[in-house]
Each structure stands twice: as C-alpha cells, then as structure tokens.
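As written in TrEMBL, here are the features:
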- 37-131: domain 'Ig-like' (DOMAIN)
- 139-235: domain 'Ig-like' (DOMAIN)
- 240-323: domain 'Ig-like' (DOMAIN)
- 358-415: region 'Disordered' (REGION)
- 368-378: compositional bias 'Basic residues' (COMPBIAS)
- 448-467: transmembrane segment (TRANSMEM)
Amino acid sequence: MKSNWSAASFNSKWTLSFILLPWLFISMAVTESRYLPEFERPLPNQTVTLGAEAVLSCHVAHLGGYKVGWIKSDSKAIQAIHTHVITHNTRVTVRHFGHTVWQLIIADVQREDEGLFMCQINTDPMKSQVAYLRVVVPPEIEPTDSNSNDVMTSEGSSIKLGCKAKGDPTPVVRWHREDGEDITMRTVNGERLRFATYEGETLSLIRISRLDMGTYVCTASNGIPPVASRRITVNINFNPVINVPNQLIWSTQGNNFTMECNVEAFPRSVNYWIRGDGELIISGSKFGVSEVRDSIFASRMALTVHSFEKSDIGKYRCIAKNSLGEVEGRIHVYESNSWPAARATTKRSIDYADDLEETNNGLDHNQQHHHRQQHQQRRQQQDNEVDERMTDSEDDEEEHHQQQQQGDGLSAAPAGRDTMHYQLTTTERSSWRSRNGSPAGIAASLHFLPLFLPTSFVCFLSLILSLPQFIPFCRYI
C-alpha cells in the first residue's frame, strides 16, 4: 500500500513537471521579447553651419544590459560605445540622460564631419538607425589680387569689377550702387541698360563716364547667414568743366547780388575767383565767397557782391584747377542803366563749358555728340525759363524803352528789377561788343540816315546830272 502511494506520488511529480516546463519556456520567451531594447523615435537628419555644434540624439527604450554605440557609416569608424569615446577626434563627446537618451556631440563642425552616422544597439540581431549630418558653409567673398577696394580710371575707358564668392550651397552674387542710383551698362553698340541690381560675379562697365562714379556694393548670399559683402569705390579722372548759368549781370547801386559757377572735376579741383586781370577775391565785407558740394565731383561756386557801386563794374572769372587741367568761366557785371532795352528779350546763352570740355577731355565723336545733345537740352530749358520771365515784364520793358528814347537815348533795365541776369549768343554778344555797349555808336549811325531817304537821294542825283535845273526841281519837293 505504501509502495503504491510512493509510485503514484512519483508519477504525479513527473506529470506536473512535464506540464509546467512548456509553459515556463513559453513564458520566458514572451518576457524576453517584450523587454528587448527598441528605438522610441527615428534618428533625425541634421544640418549644421560650419563651426557650429552638432548633436545627434538616439532614443532607446528597455535598454537593460545592452549598450549603445555610434559609428560613422561612410568610413566605418567607431565614434563611441556606451559612455566611452573611441575615436581620437577630440571634438567628439558623448552623454546620456538615464538609459533612454544617448547623444553624440561634435563641436566646431568641419566639412569632413559631413556624412552618415549610425546609432547601434548590440542585440542579436543588431538594431540600428542612421541619420545624415550635412555641413553648410555661409558665403565668403574671396580676396582679390590687389587687395584694394578702390578703382581709379579715366573717363571713356572700360573696367570690370569682380566679386567671386564661395560657400555651400553656391552663393548668388548681386551688385547695386550705394547711393541708390541705377547701374548703367553700355553695350558695344552704344545701347544703355539700367539695373537697380545686377546679378553676376563680374560687372562690366564700358565707356565709363563721370556719372558712373561712386561706390558699388556686391553681396553674396546662399540662405546661410550672414550675408557677405564688399564695397568697391570707382573714381573717374577728368578735366575740370565749368558751366556759368548767367554770364551777364546788371545791378543798381547799393544792391546785393550773387554770381554762380557750376564746377565738375575729379580729382577735386581748387576753385577760386579773380577780378579784372588778376586780383584774387577773398571773403570780406565787400565780397562773400562760398562753395557747396553737390556730389563727389560736382560743386557750386558762389560770389556775393555787397552794396554794388560803380567800382564793382567789370569782368569776374571763376577758375577751377586740378592735376589734369585748368578751366575758367567769365561773368561781366554792368550797371543797369547802361544796357539797351532791346537786349532784354535775349533768349540764348553762351556756354563756354561745352567747348572746353570737348577739347580738354579729348572725347571721341560719339561722346562729343552726346555732350552737344545735353547742351541743347540745357539751352532749351534756359530758353523756356527766359520766356516765362520775359512774358511777365514785356509790357514794362516796352514802356520803359519808349521813355528812354524820348529822353537821352539810353535804356535802363526793366522797371521793378534792381539786378538782372541775361545770357547771350556768341553773335549777339559780339554785335553788342562792336558797339562797346554805348548809345553813342547807335547815335553815330543815325547821322547818315538822311542820306538814304528817297527825296534826298533824288535831289543829290539831280544836282549831279543837271546843276542848272537843280534849284527849280527842288522847289517842287
């Protein structure tokens, strides 16, 4: 009985073992698969600017006793295993937050750091994920051979401004003028093209003129800050040129008036005033000398005469001089009561500047034609201004002219004008000079006028042909 029980007990134990063993293996397998390490999120790609810091983060769940390693895939170089750095690159470090976040840190990223990086878990089979590290480079303008940002040339020549840039992505280079003016580019056919901004590494300026003078800025950008830029200053040398708005001035005694000369020159000219045959004019109680610069090459000279008197009548010269040449403009000052009223309707001007400019600058035929067109436009504008001024005073001038003819034969300036500025053509100016501006010349020519009257001419002819019949014939005249 006892032995039967023991055998039954033995059989039951083995039966239980065979029943529990498969369940144990199944339970262990399920537990092991449930708690194997796995990645919680993908490893994102990184884009880092050259010189910045790159951080690659690998998120792992249920790491347990497994370890995380970092490998640079393209070179198969092991960067780190768990908390130990394997590579000899001193810019590489690792850190982790608990057992879930494992980071590979690369300081001062260089171009050679670009590539694929793998985060790996040493399971069997191995688990891994890959991210691409891209290194971008902000734009940089390469230095020039001369290392100078100033360009010096002469008017009428052609130059090329270069601005070569590098970076990743490839930068786009654009040009603009610092003063806000358009960039003028001329073709070989003489056509002019204007751009607010011009795109390209090379800016070609053909047959450059003084209006192209200034600072040109090239900028290089590729979407990676900061934007690179360079300033290039273009200086254009040319002979001085003077334009005199009013070359003849009339004033009354005690009045103040101002003479002006517009100067263009580069290098900057030395400007001064001379009176008569060589007396240098200096600012004081009698004269006021001033100058205003309108641009890098243009300026306005002004000479103010205080309390006009007869001793101030005469010739004044504004002179501009630089290393390339010298030029002068002339202004004549008269007292208002010495001017014939007929000249009050003058509409043209003498412009010495154009002839001097073409001669001194040595401009070619096309440039001279261009300057002449500009001069004609200026003269047309001056004509319109004179027309407007003369329309208002035409009636007053006519009345004043009649009063003077009835008096001493002289004509003063139009009524209501203490100081008058007029401009003459070369022909008109020479004609007036031939008479010395004096009414005596006009009066002298009038003495011979009776000889050309019809009745006098008939009498004179009759006297020659028939002297005896001259007196009876003149009785009927």
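Positions of Cβ are set from backbone N, Cα and C atoms, glycine also.
Source: prediction; values computed, not measured.
Across the domain 'Ig-like' (139-235), DSSP helix (H, G, I), strand (E, B) and coil residues number 3 helix, 52 strand, 42 coil. Summarised by DSSP class, the composition of the domain 'Ig-like' (240-323) is 3 helix, 50 strand, 31 coil. Broken down by DSSP into helix, strand and coil, the domain 'Ig-like' (37-131) contains 3 helix, 50 strand, 42 coil.
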